[in-house]
Amino acid sequence: MEDNRGKNTYLKATNEVVDDGDSAESNRDPSANRSEIRRMKSFSSSHKPLFLSSISISFSSRLRSLVLAAMAIPYMETVVGFMIVMYIFETYLDLRQHAAHKLPTLPKTLVGVISQEKFEKSRAYSLDKSYFHFVHEFVTILMDSAILFFGILPWFWKLSGGFLPMVGLDPENEILHTLSFLAGVMTWSQITDLPFSLYSTFVIESRHGFNKQTIWMFIRDMIKGILLSVILAPPIVAAIIVIVQKGGPYLAIYLWAFMFILSLVMMTIYPVLIAPLFNKFTPLPDGDLREKIEKLASSLKFPLKKLFVVDGSTRSSHSNAYMYGFFKNKRIVLYDTLIQQCKNEDEIVAVIAHELGHWKLNHTTYSFIAVQILAFLQFGGYTLVRNSTDLFRSFGFDTQPVLIGLIIFQHTVIPLQHLVSFGLNLVSRAFEFQADAFAVNLGYAKDLRPALVKLQEENLSAMNTDPLYSAYHYSHPPLVERLRAIDGQDKKTD
């Protein structure tokens, strides 16, 4: 089952780092104080009452400044505090799930369905991943909190700006400054993530028979990813900075429109230009399986243009299937591991029927619309705080760069993002039940059931799941719940 943790992906990518703000005293303008003193001395010689009035005004102004400073929200401390609270809460859920992994018996629904051998392998795999997850999350919260609390982000922003004159570039150019900053962040992310990626791939995945990568293939994929970032990031970042600088009162609309167009472009070019850099896509050979899938697509009026097999087995023995494409140009992709694992072709067709159910029931469209609405609301929220001096100062910045503003805003709305992620998972699980029911109504119940069981077995997915953990993290229902729903739907159709 998929495990979508409601993590802040933007936050992860940048290894967020911020600082506590300057005091109200240090933020006062010294020249203003000197002018005030000169003015009081001038009036003190011949205008005593006015001088006393000036003292009173100055005292009131200073008192008001101190009160406002005391009332200022400690944004950075609040963000760090919430991160730690969420870490404790999610660790509690992880401990519950870890205990579920340790259960020595299968759920009653799966007894006689899943072999004891597969169950034992699944337990061992799940426990290994669980132990690794505890270590990874602890190191992550430790680094993120320390980086935020000790103000490394503003320090690194200044450092990246100081690098530009060394290579003959203008440090006052915000676009160049931002790209220099992002280059450093990307380097830092690669360095800190690499040990975990290597251990996960070449220790855990290899130990349980999933990893098929060589170290050279791993390095090659990493280099390709870096090169893609170097090519794609500069124009995107430059466009966002220009839009924010020129957007005016309609900034949220312009930002949303740009990201909407960008998402459409990326969804179009990814399967054609980017995905083939990492995997080989070949047409599904003629035969019974191809005929059955094409017949199913035709019966549903699904505009299938291409049917591919991807060589997922070159990297992992995990299996999957998916569809993509706009309007009348739809494509279906089968992992070669799925074809190898499901010897019965009707089981594969049942999986495709489930995927086509998402299309027929407009789940993809609804999800896309929901994402666009959330994006627009986020940009709207950003426009409300992007000029907040107090917010930037709380994180240690005396300037207000566009990218830093977006990062800080993402930090401040972490509570809302967790709630939204939880809500989206609820909707996603409902969609999965509906897609299963759709396949059952097409007459694929007897094939969908064993197909889901086989996918669970071959991927060594967790057999026992904690209800709170799965409710919070899973975008797909646990196998036990899906089988129960399929059986119930199948009885209704009889």
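Start at 1 and count along the chain as shown; that gives each residue its number.
Each residue, glycine too, has its Cβ placed from N, Cα and C.
TrEMBL entries are annotated by machine, without manual review.
Long-range Cβ neighbours of GLU355 (active site) (same chain, at least 6 residues apart, Cβ-Cβ under 8 Å): ALA321, TYR322, MET323, ILE332, ALA435. Residues or ranges marked as active site by TrEMBL: GLU355.
Annotated active site, proton donor per TrEMBL: ASP436, in sequence order. Long-range C-beta contacts of ASP436 (active site, proton donor), restricted to its own chain and to partners at least six residues apart, with a cutoff below 8 Å, comprise HIS354, GLY357, LEU448, ARG482, ALA485, ILE486, GLN489.
Taken from TrEMBL, the feature Zn(2+) binding site applies to HIS354, HIS358, GLU432.
Positions annotated as domain 'CAAX prenyl protease 1 N-terminal' by TrEMBL: 100-280.
Annotation source TrEMBL lists domain 'Peptidase M48' at 284-488.
Taken from TrEMBL, the feature region 'Disordered' applies to 1-40.
Residues or ranges marked as transmembrane segment in TrEMBL: 66-89 (among others).
The feature transmembrane segment is assigned by TrEMBL to 131-157 (among others).
According to TrEMBL, the transmembrane segment annotation covers 225-245 (among others).
For 251-273 (among others), the entry in TrEMBL reads transmembrane segment.
Within the chain, the transmembrane segment (364-382) has long-range Cβ neighbours (under 8 A, six or more residues past its boundaries) at 251-253, 255-256, 259-260, 358, 405-406, 409, 413, 420, 424, 427-428, 431. Annotation source TrEMBL lists transmembrane segment at 364-382 (among others).
Positions annotated as transmembrane segment by TrEMBL: 402-424 (among others).
Long-range contacts of the transmembrane segment (251-273) within the same chain: residues 236, 239-240, 243-244, 324-326, 331, 372, 375-376, 379-380, 382-383, each at least 6 residues beyond the stretch ends and with a Cβ under 8 Å from a Cβ of the stretch. The local packing around GLU432 (Zn(2+) binding site), expressed as other Cβ atoms within 10 Å of its Cβ over all shown chains, amounts to 23. The Zn(2+) site, placed at the center of the C-beta atoms of HIS354, HIS358, GLU432, has further neighbours from the same chain whose C-beta lies within 8 angstroms: GLU355, GLY357, HIS363, PHE431, GLN434, ALA435, ASP436, PHE438, ALA439. Residue density at HIS354 (Zn(2+) binding site): 24 other Cβ atoms are found within 10 A of its Cβ, drawing on all protein chains shown.
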